[in-house]
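Now, the feature entries from Swiss-Prot:
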type     : residues                                                                                                  : note
ACT_SITE : Ser194                                                                                                    : active site, nucleophile
BINDING  : Ala77, Gly78, Cys79, Asp80, Lys81, Ala101, Asn158, Asn191, Lys229, Thr257, Gly287, Gly316, Tyr337, Thr338 : FMN binding site
BINDING  : Lys81, Asn126, Arg127, Leu128, Gly129, Asn191, Asn196, Asn258, Thr259                                     : substrate binding site
Amino acid sequence: MLRFARSLYPLILSVTKSDPERGHQRLIQTLKKVDTMHRNGFAVAMEQLEQAFTHADPRLQQTCWGLNFPNVLGLSAGCDKEGEAAAVWPALGFGFAELGAVTKYAQPGNDRPRLFRLPQDQAVLNRLGANNEGAVAMAAKLKHTWDYYPRTIPIGINLCKSKITPLDQAVEDYVFSFQTLAPVADYFVVNVSSPNTPGLRSLQESDELPRIFAGLQSANHWQKPLLVKISPDLSWEAIAVIIDLVKEHNLSGIVATNTSTRRSGLKTKILPQTGQPIEQEAGGLSGQPIRDRATEVIRYIYQQTGGTIPIIGVGGIFTAEDAWEKIQAGASFLQIYTGWIYGGPWVVSDILQGLGEKLAAGGFSHISEAVGIDTIGKAPE
């Protein structure tokens, strides 16, 4: 049945192309139904997902920050904004999942349409605006989930500033969300790089960033791993400053990268849903167009740190080759979202199986041995 579904997946993508946000909402609702069925004693749906989409390989397991990752491929933030399908992501093969972005205050996000697929470019343009129900609502939802399910994969939460919060009050906003959600998650990512919250990306290059890091660490009584997610559009100099701040404030890692506001080289010239030139459309671009830049940023961070700061690599991962490239550049972990949309849920097991083949071909006994091998010995850029 699932093989038949895979053959139909391109048709499903085509049917949902005109309103991808509604299609995504239906996906999340379907996964919620699987969760509900499991809680009500009908475990067969969850078991079928596990059989179809998981790929166990001890060579791909990682231990980091005191957490055990069944494999190195995780779900990127932006997919499960509310944590509604948190219990189901392990059955779809992910080694970890990052929920959110979540803000202190509930917010509706930007006006629709705000999510667009660019199939010619294997990309997605989004200007959702961190629509979510707020930190308190997510905490209650996740507590209810974990009261029923034991966590089998690490769960991260992407923290973003509320739109209504002034930039000079960002510290308190992030700290509130962190303290509210710390009991129900394993690691946290400070999102200062989304292009869809006005002024947010300016925090990456302002005096507020060290204050945010310091405020979060002061509140981190749980000793949760704190990471920062950066933009692919930053200069090398700006990235170097962030690396220094990560070291100074003892952050646990860097997520590289978020979406891009650049539009160069796209095959899509006009956005069909609006009729406007793509260069004039606001939002963050993800998928294949940012693959190479994301890898360059990973390589730069690895070079500058000598591999001492774990990197979660994200941006344009569609195949095992894409994943392997980022591992070799210096990523210890990977995240996928746009590639999962275009390739379907089979992509996770395909990539994991392909990584295992890469390890065998290269004579590696474990994925950690391959991290940064294409970067080691090269002079920093």
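Cβ from N, Cα, C; glycine included.
Feature map: Swiss-Prot annotations on the structure.
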residue : record                   : Cβ neighbours (10 Å)
Ala77   : FMN binding site         : 28
Cys79   : FMN binding site         : 21
Arg127  : substrate binding site   : 20
Gly129  : substrate binding site   : 21
Asn158  : FMN binding site         : 25
Ser194  : active site, nucleophile : 24
Asn196  : substrate binding site   : 24
Thr259  : substrate binding site   : 27
Gly287  : FMN binding site         : 25
Tyr337  : FMN binding site         : 20
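With the fewest other C-beta atoms within 10 Å around its C-beta, Lys81 stands out among the binding-site residues Lys81, Lys229. Rounded to a whole number, the C-alpha distance linking the residue listed as 'active site, nucleophile' with Ala77 (FMN binding site) is 11 angstrom.
Counting only the Cα atoms, the space from Lys81 (FMN binding site) to Arg127 (substrate binding site) is about 14 angstrom. Listed in chain order, the residues near the substrate site other than Lys81, Asn126, Arg127, Leu128, Gly129, Asn191, Asn196, Asn258, Thr259 are Gly78, Ala101, Ala130, Ser194, Pro195, Thr197, Gly283, Gly284, each with its Cβ within 8 Å of the site Cβ centroid. Of all the binding-site residues given, namely Gly129, Asn196, Thr259, none has its Cα within 10 Å of the Cα of Ala77 (FMN binding site). With respect to their backbone Cα atoms, Asn158 (FMN binding site) and Arg127 (substrate binding site) stand 17 Å from each other. Annotated pair Asn196 (substrate binding site) and Lys229 (FMN binding site), C-alpha to C-alpha distance, rounded: 14 Å. The binding residues for substrate are recorded as Lys81, Asn126, Arg127, Leu128, Gly129, Asn191, Asn196, Asn258, Thr259; their greatest pairwise CA distance is 16 Å.
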